[in-house]
Amino acid sequence: MSENEFDNSRLADSTSAAVNIPEFRTAGDDKILQDKGFDGAFLTISSVPRSTLPEYTLYKRRFIALAQLSLLNIIVSWCWLTFSASSTTTAQYFGTSESNVNWLSTGFLFAFVAASPATLWTLNRGPKPAMLTASVLLIVGVWIRYGAARLGQRDSSAFGLLVFGQVIIGLAQPFVLIAPTRFSHLWFSEKGRITATAVASLANPLGGALAQLIGPLILTDPSKTPQLVLYVAIITSAICSLTIWVPAAPPTPPSASSIIQSDPLTLTAVKTTLRNSSFHLLVWAFMVYVSAFNATSSLLNQILEPYGYTENEAGIDGAVLIAVGLVSSAIASPVIDRFPRLRLPVIKICVFLIGSMYLALIFVPATRTMAAPYAVSAIIGSASFIILPLALEMMVDACHPIGPELSSTIAWAVSQLGGGIFIVVMNALKAGPNASPPYTMRYALVFQAAIAWVVLPLPMMLGVPRFKIV
């Protein structure tokens, strides 16, 4: 039989195996078909009747769904960091300490972990149920916060109510932050998944950047706290109300890999994931660098303020941290999608830059200039945002055929738990009033840099022969 002829016995086998042959096969499609026992050389379109060819379609409506998922990620992060750049003003309004204000971030992150099992179950049924759940929780949480802000100093329970509303919002975050990998595998082909994951995932820190910039501009006086919380509540409610119109799934799959069923979510699947060496090399570094980023974003005002920086300057630095990262990822993600061989070199270069910049962050506040913090924040943001969607997709690939929601849920849950622990530890390491300067966070930054360097060798081992190559 010539190479261009089709073996009818193979066609029969393909029917029994429920594997469809796409009209326009990608490299990923060929690999899937070969894994099922087919030789790609015999799978030629000219020899297959057109009526037997499946239809793979990329629908324009996928961008509507992607836009709404991105908006939800923006607003949940904005809600999280509403008060972080104005921690001093917030503490004054509610008559509490900055350490207590830090619990608005810490409680939010711990709530993420608590909601992760429910998120895994919901995402296994599709992205839209998860988005609807997040929308309901967000609306409830923001209006509870507004009620707390209206009470203010008139009621001693106001701050506790504010924390409760923040925890409700924290329960919403995993339903949209973990969703991008599941969403991209449902709606996008292999050539667009890293970019789609990047857009939805990095919308989350974009919301943080908006919070860092807009919060200090509105909160020029403690009495304006209810005004800020009301604005955020109205915007959140408007965005969440759009979720009901999001399409649940495409009528036909975007590629062959989208119709290959993932292994069911069982205890065996969890054990298989936790035994995967490449997953461990990625997930622990992911946990530390996301934790450090979350802690830095939450504590940036307290890191810089002892050295004479204002809340506005700290807010601008936080915006630089995020904005430069977003631009860098927007440039890098399509390139990495186009050239998959770049994945390992990019992730290794980025983790080295991240570790180096957290080391530099120990010293830059003492320069009392804006250039040094801006430069360090720009590099941290750039490297962190480039590898975030890349690491998520590599974990999915390493754990295949287990569904993408499992690896993403584990990665994000341990990262948010780590972020909460980082904030608690760094707050405990904050210097007292007799230090020079008072309340400096130098030892906290040393702790953060040390942990960043401890995990740095792990992603460097990706591709080493003894480990599974992803």
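Quick reminder: no glycine exception, Cβ is built from N, Cα and C everywhere.
Feature annotations, courtesy of TrEMBL:
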- 63-83: transmembrane segment (TRANSMEM)
- 103-123: transmembrane segment (TRANSMEM)
- 130-146: transmembrane segment (TRANSMEM)
- 158-179: transmembrane segment (TRANSMEM)
- 228-248: transmembrane segment (TRANSMEM)
- 281-304: transmembrane segment (TRANSMEM)
- 316-336: transmembrane segment (TRANSMEM)
- 342-364: transmembrane segment (TRANSMEM)
- 371-390: transmembrane segment (TRANSMEM)
- 410-429: transmembrane segment (TRANSMEM)
- 441-462: transmembrane segment (TRANSMEM)
So if I exclude everything within five residues of the ends of the transmembrane segment (281-304), which remaining residues of that chain have a CB under 8 angstroms from its CBs? That is, six or more out. 81, 84-88, 98, 102, 105, 109, 205, 208, 212, 311, 313-315, 317-318, 321-322, 351, 354, 358, 361, 365, 373, 380, 384, 387-388, 391-392, 394-395, 398, 407, 410-412, 414-416, 418-419, 421-423, 426-427, 430, 439, 441, 444-445, 448, 451-452, 454-456, 458-459, 461-462, 467, 470
Between the transmembrane segment (63-83) and the stretches 130-146, 158-179, 228-248, 410-429, 441-462, work out which stretch tops the count of Cβ pairs under 8 Å. 228-248
Take a look at 130-146, 316-336, 342-364, 371-390 and tell me which one has the most Cβ pairs under 8 Å to the transmembrane segment (228-248). 130-146
Dominant neighbour of the transmembrane segment (158-179) in 103-123, 130-146, 316-336, 371-390, 441-462, by Cβ pairs under 8 Å: 103-123
Same chain, outside the transmembrane segment (316-336) by at least 6, Cβ under 8 Å from its Cβ: which residues? 81, 84-85, 194-195, 198, 202, 205-206, 208-209, 212-213, 296-297, 300, 304, 309, 342-343, 346, 370, 373-374, 377-378, 380-386, 388-390
Under 8 angstroms for C-beta pairs, at least 3 of them, ignoring pairs fewer than 6 apart in sequence. Is the transmembrane segment (130-146) in contact with the transmembrane segment (410-429) by that rule? no
Taking residues 6+ outside the transmembrane segment (410-429), which of them lie with a CB under 8 Å of any CB in it? 99, 102, 105-106, 109-110, 112-113, 116, 173-174, 177-178, 273, 282-283, 286-288, 290-295, 298-299, 391-392, 395, 441, 443-445, 447-448, 451
Beyond the flanks of the transmembrane segment (103-123) by 6 or more, those residues with Cβ under 8 Å of it: 80-84, 90, 129-130, 133, 162-163, 166-175, 177-179, 182, 265, 294, 298, 405-406, 409, 412-413, 416-417, 419-420, 423-424
